[in-house]
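Annotated features, as they stand in Swiss-Prot:
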DOMAIN    41-156  domain 'Calponin-homology (CH)'
DOMAIN    594-627  domain 'WW'
DOMAIN    690-719  domain 'IQ 1'
DOMAIN    720-749  domain 'IQ 2'
DOMAIN    750-779  domain 'IQ 3'
DOMAIN    933-1182  domain 'Ras-GAP'
MOD_RES   Ser16  phosphoserine
MOD_RES   Thr356  phosphothreonine
MOD_RES   Ser595  phosphoserine
MOD_RES   Ser599  phosphoserine
MOD_RES   Thr782  phosphothreonine
MOD_RES   Thr881  phosphothreonine
MOD_RES   Thr1002  phosphothreonine
MOD_RES   Thr1269  phosphothreonine
MOD_RES   Ser1279  phosphoserine
MOD_RES   Ser1461  phosphoserine
Amino acid sequence: MPHEELPSLQRPRYGSIVDDERLSAEEMDERRRQNIAYEYLCHLEEAKRWMEVCLVEELPPTTELEEGLRNGVYLAKLAKFFAPKMVSEKKIYDVEQTRYKKSGLHFRHTDNTVQWLRAMEAIGLPKIFYPETTDVYDRKNIPRMIYCIHALSLYLFKLGIAPQIQDLLGKVDFTEEEISNMRKELEKYGIQMPAFSKIGGILANELSVDEAALHAAVIAINEAIEKGVAKQTIITLRNPNAVLTCVDDSLSQEYQKELWEAKKKKEESAKLKNSCISEEERDAYEELLTQAEIQSNISTVNRMAAVDHINAVLQEGDPENTLLALKKPEAQLPAVYPFAAVMYQNELFNLQKQNTSNYLAHEELLIAVEMLSAVALLNQALESSDLVAVQNQLRSPTIGFNNLDEAHVDRYADALLSVKQEALSQGQDTLSWNEIQNCIDMINNQIQEENDRMVVLGYINEAIDAGNPLKTLDTLLLPTANIRDVDPDCAQHYQDVLFYTKSQKLGDPKNVSKVLWLDEIQQAINEANVDENRAKQWVTLVVDVNECLDRKQSDHILTALKSSPSNIHNILPECANKYYDTLVKAKESKTDNESSEGSWVTLNVQEKYNYYYNTDSKEGSWVPPELCLSKESWLTGEEIEDIVEEVTSDYIREKLWSASEDLLVRFEATTLGPALREEFEARKAFLYEQTESVVKIQAFWKGFKQRQEYLHRQQVFAGNVDSVVKIQSWFRMVTARKSYLSRLRYFEDHKNEIVKIQSLLRASKARDDYKALVGSENPPLTVIRKFVYLLDQSDLDFQEELEVARLREEVVTKIRANQQLEKDLNLMDIKIGLLVKNRITLEDVISHRKKLNKKKGGEIEILNNTDNKGIKSLSKERRKTLETYQQLFYLLQTKPSYLAKLIFQMPQNKSTKFMDTVIFTLYNYASNQREEYLLLKLFKTALEEEIKSKVDQVQDIVTGNPTVIKMVVSFNRGARGQNTLRQLLAPVVKEIIEDKALVINTNPVEVYKAWVNQLETQTGEASKLPYDVTTEQALTYPEVKNKLEASIENLRKVTDKVLGSIISSLDLLPYGLRYIAKVLKNSIREKFPDATEEELLKIVGNLLYYRYMNPAIVAPDGFDIIDMTAGGQINSNQRRNLGSVAKVLQHAASNKLFEGENEHLSSMNNYLSETYQEFRKYFQEACDVPEPEEKFNMDKYTDLVTVSKPVIYISIEEIINTHLLLLEHQDAIATEKSDLLNELLESLGEVPTVESFLGEGAVDPNDPNKENTLNQLSKTEISLSLTSKYDVKDGEAVDGRSLMIKTKKLIIDVTRNQPGSTLTEILETPATGQQELEHAKDMESRAVVDSRTPEEGKQSQAVIEDARLPLEQKKRKIQRNLRTLEQTGHVSSKNKYQDILNEIAKDIRNQRIHRKLRKAELSKLQQTLNALNKKAAFYEDQINYYDTYIKTCVDNLKRKNSRRSIKLDGKAEPKGTKRVKPVRYTAAKLHDKGVLLGIDDLQTNQFKNVMFDIIATEDMGIFDVRSKFLGVEMEKVQLNIQDLLQMQYEGVAVMKMFDKVKVNVNLLIYLLNKKFYGK
C-alpha cells in the first residue's frame, strides 16, 4: 500500500545511462524494471483514489487492488456511477461480494465486467482502450484494465461527470518488497506496460470533427498562455469551440497567472518522466493543458474570487448582499435560505472576526454555511411548531450537534420550542447554533440528574426497608439525592418517620406507587427536623423549670417559662407567684420515689416517637438508651403546661367578670327595650296593611329613576359612537387575550398532565383501532388504512430473509458434511478394529486415513463449471432443463403424494437411503417453517398410506418397523431434534453417569457372582459357594437380597428424576413429532374403530418414548446427548445403570408389569402403574397440537405472496438418482396420463449423465482416473430456486385466489393516497392531482426498495407493472377485478366488498406473526448451526485421535523390536535389561491355594509331579505358562490379563487351560496381581 513521506521507503531512481555510479548493463536493466514496477504501482494508486471518490467507498489496498477488481463488482459499480440508466445495483452479480469472499470467483462475475464494457461503449469512450473480459477475470492483462480506467477518468472529466484523476508519480512511496513483488508479477505474465502518458493524445486522435475543433482551441489556449498576454488568453478562452464555462473577463490576469503556473508544473513533470524518450514518441498532452484541466483552473480562480467577494460583503454588514454572494454558483457552497439572511450575516461575520487573518477560506465557508443552513431549517421547523420536522432536523448529520442522544430527540424538540417562543417574545428571530447546543446540553443534564435521582431513590427506599438508620442516613446524604437540612444526629428519627410514612403509603389502596418519592422524603425530613426542634424546646422548658423549683428561685420562674419557646401561651407576669406555688405543690407530690429515680427525661412527640434526654450528660437522643430510668421527681412538660394554662385561665376569668359588673347593672335597669319593640311592631303592621300601595309607589319611583338614567346614557353613546366602538373592541380584545393567556398559562402549568392525557387519548385510540382490526369480524376501511404500512417490506425484512437463506444453506451443507464424516469415522473405527485383530494391513488403514484427512481439510477440489456448457450455463436449452428440474422438485415438495407412493414402491434398503438423503435434502432438513410444514405434510400422507395398506393389526405398529415412523424418528433425532434431546435428557443422564457410587444391578445371578468374586478377591481363598446358580437359588442369600433391594431403591429414585425431566419438558418436544403422534393416533382409530384409548396411547408411547427417547437414554454417547472426548467412553457399570432406568420407563410407558423371569422385580409393579398414569396424561397432552396450517400460518397460496423463492441445495448425484427413480416407478406414482409429473418427466427426457450435467470439458477424457473424478464431482452441490410450472407470469390470474391477491395489492396502493370511508366511495371518487402526485412518489420509493431486493426475492413482472399504473387506472382495474371476483363468489358488492377488506386485515395480522416467526427461525437456525459445529469439532477430535493411534503404529513398525506393546501416547514399554525369572508352582501347591481345581485324567496324588512355570513376557499383561510332567516339558499356553478380567466381569468362575486343567479365574487373577504387580 502507498505510504507518504517515510524515508525508509523507496521512490524510483531516474537517470541517464551515463551515471556517476557507472552501472553495469544488468544493473541498469534491473533498475529499469524496478522503475516500471514503481510507475505501475503509482498508476494503481491513482486509479484506486479516483474510483474511491466516484464510488464513495473504500477499495482494497493498492497491492491487492488487481485481485480485488477481478470479480468486476467495483467495475460494475463504477459503470452505475457514470451510466446509471444502463446499470442498476440489482443487475450487479454478488454486489456485496459474499459469494466471492466465501468461495472465490464464479463464472457469473464476468457479467459485471461485461456491464462495465457496455457502459463505456454507451458513453462513447473509444474502444482502443477496452480490455478483454479474460484480461480481467483470468488476470491475463490487468495493466490493460488499469490503463482503460485512466482513459475513462480523463474522458469522464472532459464530459464533466467525474473529477480529474491525480498524478501521483513520485509522490507516493512503496516498500522495496512491494516494488519487487510487483516486478515479479509483471515478469511472470510477460505483460507489455501500456503507455499511460499517451492517453490524452490517443483520445485527441479518436475525436470527431467537433472534438477536433475543441482540440485546436485547446492548443490555441496553451499558446496564448505561453505568451503571457492576459488579453490574448481571455480571447482564446472565449472561443466557443473550447466549450469553457463561467469565464469572467475581469479575472483575466488571475486566469493567466493560474494557467501559466499549471502549465509550467505539467511541463516539468513531463520532462522528468520522458528524459529518455524522443520527442517523436511523446504525447502532445504530456506538456499541454487539457480542456478539463483548463476548466478546472478557471473554476479554481472563480471560486477564489467568489470567496474574496463574500469576505468583503461580510464586512459591509448587509444581509441581502451576503445572501446573494453566498448563492453564486462560482462560490461552490451549499444551498442557503433567504429567510435566514440575517443569521448568515451575523454568524459568518463573527466567525470572520475570530479568525486571526480576518478572512474565511473556502473550506471554512463550506463547513460554516452547511451548518448554518441546517440551523436555519431547524429554526423554520421551530417557528411552525412542527415537532416531527424539528426531530428530523436534529438528526441531520450536517448540523453537527454534540452529545445528541437519539432516544431523547422528542425532549430536545419540546425544549427548543419553549426556547424559541421565549426568543420570539424578546424580539429574537432565530436561535444560534450555540444556543441550540446549550439547550441540548441542558436537557442532557436534566436527564442525567433525573436518572441519578431515580437511582438514589431506589437506594433510599431499600435502606428504609432494611431498617438500618446509618444506611438510611448515608443514602440521604448522597449529593445526587439533593435532600436538604439532613442532620446526622437525627438518623434514628429520620428512619422512624420515613418508615412510618412509607407504611402509611403502602396501607393506602388508592396509592399505586409503593415507594417514597423524593418530595415525600424531603417532606418527611422536614417533619423530623420540626420534631427535633420541638423536642429541644420542650426539654429546655422542663429542665429550666425543674431546676428553678429545685433551687427555690421563685423570682426566676417567670423567666424560665418565658425564655423557652414552647407551646405555652399567655404567660402573665401577674401570675408569677401563683405559677411558682402551684408548680412547687405539684413537684412536692412527686418526690416519694426520689431514691430510685434515674436521670432520663422522656418526651413523646406526636404520640408516635420518643425523645430521650439525660439530665446528667445534658445530651438528648431519639435512640432508646439501654437502661432508661426516668427522673420521677421532675415535672413533665405536659404537667407544666397544664398547670400554667390552668392558673392563667383562672386569672383571666376572674378579671372578665370584674370588668363587666357595671354594664350588667345598667342593662338590667333600662326600660327602653319594650317600648321600642312595640313601636317597631306597629309600623310593620301598618306597612303590611298598605302593601299594594307601597309596591306601586316603589315601582313608579324606581322606573322613573331608571328611565332618566337610560336616556342620559343613550345621549352620551350617541354623541361618542367612535369612542364607544373603539372601547368595545379594546375591551373584547383584552377579554379574549386575557382568556387566551389564562388558558395558555393553564396549559403551561399542567403541561405534564396534558401530555399524559394526549398520550392516553392517542394510545386509547390506537388500542381501539387495533382491537377493531384484530377482534372485529368486519374491520372498517378507516382502521385498515392506518395499519397497511405494516405490509411494507423494509430493508431489514430483506436482510433477514437473506440471512435466513444463508443460514439454511450452511445448516444443510453442515448436516451433509457431518453425515459423511460420521460414515467415514465409523468405517475408520471398523478398520482399526480389523487392524487390531490382524485382519487387514496397516497400509489399508493409512490409506483410509489420508482420504479422511483430505475430506476434513477440504482438499477435494469442487470444480466450477466455467465453460458455459453445464446445467447452469447461459444457453437456452440448458436454461430450460434447469427450469424444468426446478419445477419438478417444486412439484415433489408441494405434492406429497408422489414421494409417499415412491417410498413404498422401492425396496426397504433403497427407501431408507432415499429418505436419508434425497427427501431430507429436498426439504432442506426442515430448516425453515415452509419446508417443515411441507415435510410434515409428506410424513402425514406417507404414514396414512402405510397404515392403510400395510397395517393389519393394531400391534403391527409396535412389533413391526414402519418405514415412516422410522423416518420421523430419525429426522427428529437428527440435527433438528438433537438440541431437544440434549435439553430433555442431558442433565439427568449426566447426573447418573457422574455418580460413581451409583450401582444398579437387578439381575440376581449377576449380583450373586459379583459377590462371590469379591469374596475370593479379598481373601485370596477359594469360595465354598457354588459358582453356577439359578435366579431362585441366588435370591436365597440375604446378601444378594440386600444388594438387590438397594439397587431397586436406587433405580426408583433415578427413574423418578428422568421421568420428572420428561414430563416437565413437554413443550420442548418437537412439534413435528407431536403432530405425527396425533396423526398416528387418529389414523389407527380410523382404521380400527374398536381400538380402546389405552391401546392407542400405548402406540403413541411406543413412538414418543420407546423409539424416540429410549435409545438416547441407553446410549447417550451414540446420540450426542452428552459430550464425549475423543477416545472416551461410558463404562459397563454406567451403561447398565442407564439400561435399567430405560427398562423401567419402557415397562411403564407400555403399562407392562414385571412378571415371569422378572418376578423378583414385582415390588416395583405399583410404581409402574403409577408411572403409567403420568405417562398416559403426558401422551394425551402430546397429541393435543394444532394442525400445521394453523401452527405455521400457511396454505397452498403462501408461496404466491412470500418475498423470496424457496431454494434447495442438492448434489448432482441426488438429482440424477431422483430422476431415475421417478422414471422407474412413473406408472405407479402418476397413473393419470395428464398428470403434471408425467409432463415434466417428458420434458426432461432421458436421465442425464454426470458429465453432461457438468458440461463438456469438466473432466479430461484422457484422464486415467476419469471415473473416480466423475464420482467425486457427482457429489458437487448446486442450488435450485424452486418455482411452479404454472406461476402467474403474463399478468392474468389462473384462479380467483390469485386474482384476489393481486386485487388486494392494488387496493392497498389506492387506499394509501385517497381517503374514503368505504371501498366503493374511494373507487367512485376521482383522484385529485395532488393524490396522483403522492401516489407516484410512493411508487418511486417502493421501486428504490425493490431495486435493492435480491433477484430471488423480486416480484413478478405483472405485479411490478400493476404497481406502476396511475391511481385512476389502478381504480379501474380494481373495479374490473372485483366484478370478476363477485362472479366467482369471492366478494359481494352488497356488503361493499367487505370480504376483501377482511382478507387485507388478516394479512396485516399475519405479517407480524410472520416477522416474529422469522426471527424465531433465525434463532433456531443459529442454534442448530452451533450444535452442528460442535458435532463437527467432536468428529475432528476423533480424527486427530485416530491420527495419533495410526502414527504410533507407524512409528512402532519402524522399530526393530516389534514385540513391544503400543500405547496411544506413542510410548512403548521399556525393554527390560534383565531376563525376568519365572514363578514356579507344582500342581499340588496350586491345588492347595484353590487356584487349580482339577486335571482331567490325573489323580490328585499325582499333582506333585506336575510343574507350572509362569513367565511375564515383554508385552504388558501377557504371560507364558509352561507345564512339565516329571521334568518333561509338555505344553505351553499364553494368558492375557485383560481376557481374565473380562471373564471375571462376565461372571465366569472356572476356565480350562491346556484343554484339561481347570482353574479358578478369580484366584488366578489374585495370584498374578500378587506375584507380578505387588498387589
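Positions of Cβ are set from backbone N, Cα and C atoms, glycine also.
Structure coloured by features recorded in Swiss-Prot.
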| residue | record | DSSP (3 states) |
| --- | --- | --- |
| Thr356 | phosphothreonine | coil |
| Ser599 | phosphoserine | coil |
| Thr782 | phosphothreonine | helix |
| Thr881 | phosphothreonine | helix |
| Thr1002 | phosphothreonine | coil |
| Thr1269 | phosphothreonine | helix |
| Ser1279 | phosphoserine | strand |
Can you grab the distance from Ser599 (phosphoserine) over to Thr1002 (phosphothreonine)? Cα atoms, rounded to a whole Å.
-> 81
Ser1279 (phosphoserine) has how many other Cβ neighbours within 10 Å of its own Cβ?
-> 13
Any residues 6+ beyond the ends of the domain 'IQ 3' (750-779) with a Cβ under 8 Å from its own?
-> 786-787, 1391, 1394, 1397-1398, 1401, 1404-1405
Length of the line joining the Cα atoms of Ser1279 (phosphoserine) and Thr782 (phosphothreonine), in Å = 45
Do any of Thr356, Thr782, Thr881, Thr1002 (modified residues) have a CA within 10 A of Thr1269 (phosphothreonine), and if so which?
-> none
Between the modified residues Thr356, Thr782, Thr1002, which lies closest to Thr881 (phosphothreonine), Cα to Cα?
-> Thr782
For Thr1002 (phosphothreonine), the nonlocal same-chain Cβ neighbours (under 8 Å, six or more residues apart) come out as Leu1044, Ser1047, Ile1048, Leu1051, Ser1140, His1160, Leu1161
Between Thr782 (phosphothreonine) and Thr356 (phosphothreonine), find the distance joining the two CA atoms and give it rounded to the nearest Å.
-> 63
Would you mind giving the whole-number mean pLDDT across the domain 'Calponin-homology (CH)' (41-156)?
-> 89
With DSSP as the yardstick, break the domain 'Calponin-homology (CH)' (41-156) down into helix, strand and coil residue counts.
-> 82 helix, 0 strand, 34 coil
If you count other Cβ atoms within 10 Å of each one's Cβ, which of the modified residues Thr356, Thr881 has the most?
-> Thr881
Sort the residues of the domain 'IQ 2' (720-749) into helix, strand and coil with DSSP and give the three counts.
-> 29 helix, 0 strand, 1 coil
Quick tally, other C-beta within 10 angstroms, Thr782, Thr1269; top of the modified residues is Thr1269
Among all the protein chains here, how many other CB atoms are within 10 A of the CB of Ser599 (phosphoserine)?
-> 15
Counting by DSSP, what is the helix, strand and coil composition of the domain 'WW' (594-627)?
-> 3 helix, 15 strand, 16 coil
